[in-house]
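Enquirer: Just lifted these from TrEMBL, have a look:
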TRANSMEM  12-34  transmembrane segment
TRANSMEM  54-72  transmembrane segment
TRANSMEM  84-101  transmembrane segment
TRANSMEM  153-175  transmembrane segment
COMPBIAS  244-258  compositional bias 'Basic residues'
REGION    244-264  region 'Disordered'
TRANSMEM  299-319  transmembrane segment
TRANSMEM  331-349  transmembrane segment
TRANSMEM  427-454  transmembrane segment
TRANSMEM  466-485  transmembrane segment
């Protein structure tokens, strides 16, 4: 392990590895503070389950537009740099809301300002996620490509550790600290992240604006959506230099005069290049996405998210209001969920990656529907009849739910990687992830609507069982649309 880390340190540098680990650890550690947000909405603002879930859905919307951040950082450098300035902006957006919420009781006690600040915080986190992915992709090119898998493994390890520690410490903090203190404590990590941004150097040459992008209907990008090194090293040339020389003296004079005439328009030319660069990037993305081989599978994954109502926030209210489960136990359940997620990843890679994706997705949805029966047993109090502990049922449900969801998410990741055409892998993959996030957000909206229609509130869970039955029925609907997934697709790259 130590030898592996030393190899990565030698290849990428200590400051870069530190920044990668810190950002991913912070992303996982977000469970520490978002648990406090859940209790703030429930206990302080007295929001209903449907209203609380609606607020969460709105505040997490920035994760659904991730390609926008990638395109901006790829096409519009700030002071000659494409990554670090955007990472600084993202970190400030991640830091500022927690400082405000921790110091201003009036803002965290009003759902309007709270929603705005939480949305800004998610905007910063989503942007940081996109930028650090881009920096990793750039770092593993050419001679460092052999370490690509190792760097990604380190990233996932950092996020997993952050998630586990965040869940454990979040439960402890809720029982021993005030919510404002929790917000301020979490702000320490983005503060360190902001300081760490100054330790990483960025190459100016990778940030030049390309006139070639303005003159082409599409452009090539590297794995993270940024322009390739070969193109970035092209020097800006005027059209006059591309003509064949007819006479050295006459031609040289014309070139000088042409250059003098164009010099005052340099700024305008740069602005036009930026505009066409953005236009070209968006055009390439849309043109690739409109292909049936890409559009149809992504449509299925999107429908599979929005058709099934997400009742997670409603179940959180049921666990705390009706079952009176303490925060420390719910934190333990989340840790078990992280373990289930890792088990699901192992199970898929070990046993299911050779299976046709259609078949594995069928089993995933059948598993999710079957697992919902545990929620019905919990809500109907059937477990009490058979002397089964509520806590045991919640722990098992948490672990199995995350494991099965990972079995569904792995085919999404694999198919996304297979469908990305060469040249725009990074930006298109970010679009795929945004589609998945947007579907999840809309599924939360649907869940909030179901809870509202059924009049499920913190004081009344009489119709919660009916809501879960509706969720189970909806879980089987996406199976009927599996014809959108390529028939022969498997978990092995083709």
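The first residue you see is number 1, and the count goes up from there.
Every residue, even glycine, has its Cβ placed from backbone N, Cα and C.
Just so you know, TrEMBL annotations never went through curation; they're auto-generated.
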Enquirer: Counting Cβ pairs under 8 Å that sit 6 or more residues apart, are there three or more between the transmembrane segment (331-349) and the transmembrane segment (153-175)?
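Expert: Taking Cβ pairs at least 6 residues apart, the transmembrane segment (153-175) and the transmembrane segment (331-349) are in contact, with 3 or more under 8 Å.
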Enquirer: When you check the transmembrane segment (427-454) against the transmembrane segment (54-72), do you get at least 3 Cβ pairs under 8 Å, counting only pairs 6 or more apart in sequence?
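Expert: As far as Cβ distances go (cut-off 8 Å, pairs 6 or more apart), the transmembrane segment (427-454) and the transmembrane segment (54-72) touch.
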Enquirer: Sort out the residues at least 6 away from either end of the transmembrane segment (12-34), same chain, that have Cβ-Cβ distances under 8 Å to it, and list them.
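Expert: For the transmembrane segment (12-34), the sequence-distant neighbours (Cβ-Cβ under 8 Å, at least 6 residues beyond its ends) are 5, 94, 98, 125, 128-129, 132, 135-136, 139, 144, 147, 151, 154-156, 158-167, 169-170, 173, 182-183, 186, 189-190, 192-193, 196-197, 199-200, 334.
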Enquirer: Taking 3+ C-beta pairs under 8 angstroms (sequence gap of 6 or more) as contact, is the transmembrane segment (299-319) in contact with the transmembrane segment (153-175)?
Expert: no
